[in-house]
Every structure is written in structure tokens, then in C-alpha cells.
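Listed features, source Swiss-Prot:
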ACT_SITE  Asp154  active site, proton acceptor
BINDING   Val29, Gly30, Ser31, Gly32, Ser33, Phe34, Gly35, Thr36, Val37, Lys59  ATP binding site
COMPBIAS  322-339  compositional bias 'Polar residues'
COMPBIAS  421-431  compositional bias 'Low complexity'
COMPBIAS  442-454  compositional bias 'Low complexity'
COMPBIAS  476-494  compositional bias 'Low complexity'
COMPBIAS  495-522  compositional bias 'Polar residues'
COMPBIAS  542-562  compositional bias 'Acidic residues'
DOMAIN    23-285  domain 'Protein kinase'
REGION    316-339  region 'Disordered'
REGION    366-562  region 'Disordered'
Amino acid sequence: MNSDSVENLFISRISKDDPEAIFQIVEVVGSGSFGTVCACRWMKKKDRESNGNRLIACKFVEVNADDVETNLNLVKEIDILKESMDCPYIVEYKGCYLKSSMLLIVMEYCKGGSLLDIIELCGKRLIEEEIAAVCAGVVKGLVYLHSKRTTHRDIKAGNVLLDEEGLPKLADFGVSTIAEQGQKMNTVIGSPYWMAPEIIMGQGYDQKADIWSLGITAIEIAELVPPRFDVPPSRVIFTIPHQPPPSLKIPSDWSPEFNDFVKQCLSMNPALRPSAQQLLSHPFILKGSSQQILQKLVNESIPLLKEKRAEKIRQLEEQEQQRNSSGSKMVSSVPTRASQALTNVRNAESLKGSVVILNSNTKTASIMRNKNPQPPPPSHSSGAGGAAGSTRRVPGNKSVLNRYPPANNVSNGTIAPSPINNNNNNNNTTTKVGKVSSPFLQQQQQQQQQNNNKNPPPKPTTPSPNKKIGDNISKTTPTTPTTTQPNTSTTTKTGSSLNIKPTNNVNRSTISIGQQKSPLQSSEREASYDEESVSVIYHGSEDEEDEEEFNHEDYEEINVNI
């Protein structure tokens, strides 16, 4: 299979979306050997409004012309997603695009993450009513899939997502398949701990294999790990067909309905297992008819997910450092998947702030990065001695107040940002940030007020057009000489806040947005101090009149490899 046939294979499956859809990469939400999933926001106001101001998810997958099996699995995944767009219990498909050898699969973004995220990253232990609601959503999704003769073949907590309203949705159809009526499948595929015994034995199987995986998933959610998790995957596939089916470890901790549900799903004989349609009337599934309890769970989990994902990346980095320093033999227990995932995350991190242009007419994608990105802030202490300075505009619902030296080139009430050195030609543009109430700025203002009380400045006899007002936003001044910059914005001081009006020449920089301590889509502007990147991050809803515009001249197309 050559590259042209690969291109034709995916292009024929492109969805008929808007001729040109533009969104911006906001956050890395998942990564593995398959590639990386990023959360993205629409840049155009009309697109944001038509999509309910919701983020979307973009899955980046590297395609290789020689890897025929992987390409065919991707094709099946796209076909199944396209055919399932009218089922609310399956993640919604938005489109598929090609960028060189990079395949972009665009789907709805489930803000609550996966069940695995919730029980593993957030440390949540679900109560029985929550487990019943999750299983009810999975069963309804399976009813739809099985009616289309589709077998998922990889049901597990990591592939069950929750949207913002707490609705469970099936995802990751990479190993799913569509069979002819009455046809048995023979391919041994899936995740070992969740695989049905008939799959392992090679006896031929049908959609009842998903019912077994559902029973294992129910135990996984209840007990945080699947049965036999202490057995290596290479050995567990030999024990599953030859041992009695698993059950809940402490049956008395759960209702008779839950115990019976697990027992029926985990019948060794697939003919004795109920179908997904039959499970809809099971008392345990009927107990999970309300999704409100899951919405409460999602609301509690969302603030923790960003922090825990960043922590997981740090752990991968530590494992990689340990591998490099100790040698491969000393740390052979570190899986190679972790190394690949870390590489994927690093590559995806570099795409934050980049703009993705999806064109359904040409059936291609373009990934654009700013031609003149701003340099990272200079290294400062995280104490109060750091200097605050110019604010720069970043695409996305964020404004970042970087700790650059304070602005000191002022004329006619205008602040001109100071460069880091005389050779710096970056366009440090300012923007409107509204009322600033961060403890960081308040501390600086209080310290400045104390200094003024001790040493009151002399009252000027005549107004000077070059009067320095940089001390209004910083307690220190730069020691290096600066070059006078042209006026770029108009600033007025209102109480303890700065109202900086944006200019037309906006520098859309690609920067690291750091670790955000609260949800991205907040109803109010909030501030959080990130000691690692030494910056104050503001995020929240943009003003009604604030409309993102994309200027192609400010960007250049890049190749990506995630």
C-alpha cells in the first residue's frame, strides 16, 4: 500500500463539514502509543456559538503506508464513528483530515474524562448508584452498536467517557469490527484483563464478548482494578478460560442486583449471557436510569483532572530520566509505552496555541504556528522580588501577565513594553485584562504604598510627557538600558486595576500555558500563580465583543509528528 492509496483511503471518508473550520489547541488530555488527544477551541465566534461554546477533541495519529493493519483499523474506527453520530451514548464524530502523514480525527470533547481518569487520577471511588448509571449508559451504547452488527471488543473504564452533563459515552473503536449477520469472529484482540474466554480460545465469538467485558468493567469501577490484575497480562490470558468467572470480592458490600448483574455478564458460556437489549430491563440497570448523580461526580472531578494529568506527565519524565541515567537494564520495568507517550506529550505541548485549519473541500488539514513567537519569561525567584510587566495577548480564553521588567517608556499616558535587551525585536503587545485582583499584584501594590509612605516622592512642578509610571505595576525597575518603543496601547488606572485597551497589532504567540488550577471554561475570570513558569494565568469567558480573527500572514505552516 503506497502513500497515495493511504491518502485515498482516508480522504474518501471525510465528513461534509464547513468548508473551512478553524480551531486552536488548548490542552493535551491524553497520550499513548496510538498518538495524542488534544482539547481545542473554535476561534470563530459563529463556530463557538453553533457548538454551544464547547471544546472539541482532536486525535493525532501518525499513519505509515507500510502499516496496513493499523490503517485499516483506523478506517474502521472512522466508519463506525460516522455511522453512530445519532447515538448519544457514543462519542460524536466531527471529521477526519490529513496533514502529511498525520491523521486528525475530530470528535466531541468529553470534559469529565474517562472513568479510568476519575478512579485513577482523581482517586474517586464510585458508589453503587453511580456505577449503575455508568453501566446503563454503556448498555444503551452497546444496544445501538450491536443492532448495527458492530462489536466494540475493548470495553473498559478507560474507553468510557463522561461529558459535562455526566452522560456516559463509548470511545476508542480502534479494534472494533463489523460482522455479517450470524458471522462469528476469530481474531484474538482486545485488552487481556477484559477479554472474554471465547476470544482467547479462538472458538469464534460475537457481540456477547462485549457483555463479558462489561461485567469485568463493572468490577473494575467498583474495586478500582479489574479482576486478576496482580497477574501479568501475558499469563492472565491463559487463566481466564480455565478458571471460574470472577465476581465481586466482597458481595455483602453490594446489592443483590449488582451481584446478579455481574454474574449474568460473566457467564463462561456466551449463549447463557444476556444480550445488551435484555440487560436494559435488568434491575441493576433500571437503578441507573438517572444521570444527575454522574453530573455531580463530573463537577467534582473536573478541577482535579488538569492537575493530575500534569502530575502524570511529570512522573513519565522522571521515569525517562531514570532510564537515561541508570541504563535500560537497571530500569527494565519501565514500559516502552511510557517513553513513547512522553515523546507524544512533548510534541503536543509544543502545539499549544497553534491554529488548526480543517478544509473539507480539499480534505486536508493545516497546522499553523506564529512566525515570531515571544521568548519565555526570564528566570526569576518565585518570591515577591520578581518584577511584573507587560501583558501579552494569547489566542484562546487566556491572558498571561508575564514577569518581564516593568514598562518604563511612557509618553502621553501610554505604556510601551520594555524589551528584555536592546537586540530584542519581539512585538510585546498589550491587551485588555479587566480588573486584576490576584494576590501577586496586590502584594506588589501594598509594598509600593509602604515605600511611598516612608519616602514620599517629590511633587513635580511641571507635567512631563516622559514621566515613568512603571511603578504602578511593579516594585522594581530594570537595571539594563532599554530602547524607546513606539506607543502600542492606551492605559488608564482604575482603583487597584489596570484597564489596558488592546491594539490592532496583536502578537498571537505560541507559549506554554502552564498548569491551570481551575477549569478552562470558567464563568468568571480567575487568576492562579504558577511558580514553575513564573507567570500569572488569567482564564475565563471572553467579553461578548471580543472576536478572534486569524491573520495568515502572522503564521507559518508546520509539520507535526506526534
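Keep in mind that glycine also has a Cβ here, set from the backbone N, Cα and C atoms.
Listed in sequence order, Val28, Val29, Gly30, Ser31, Ala57, Cys58, Lys59, Phe60 are the same-chain residues at least 6 apart in sequence whose CB falls under 8 Å from the CB of Val37 (ATP binding site). When secondary structure is read from DSSP and collapsed to three states, Val29 (ATP binding site) falls in the strand class. Reported as a whole number, the C-alpha separation between Gly35 (ATP binding site) and Asp154 (active site, proton acceptor) equals 18 Å. All protein chains shown were included, and the count of other CB atoms within 10 Å of the CB of Gly35 (ATP binding site) stands at 22.
Of the recorded positions Val29, Ser31, Asp154, Ser31 has the largest number of other Cβ atoms within 10 Å of its own Cβ. Asp154 (active site, proton acceptor) falls outside any helix or strand according to DSSP and counts as coil.
Per-residue pLDDT, averaged across the domain 'Protein kinase' (23-285), gives 89.
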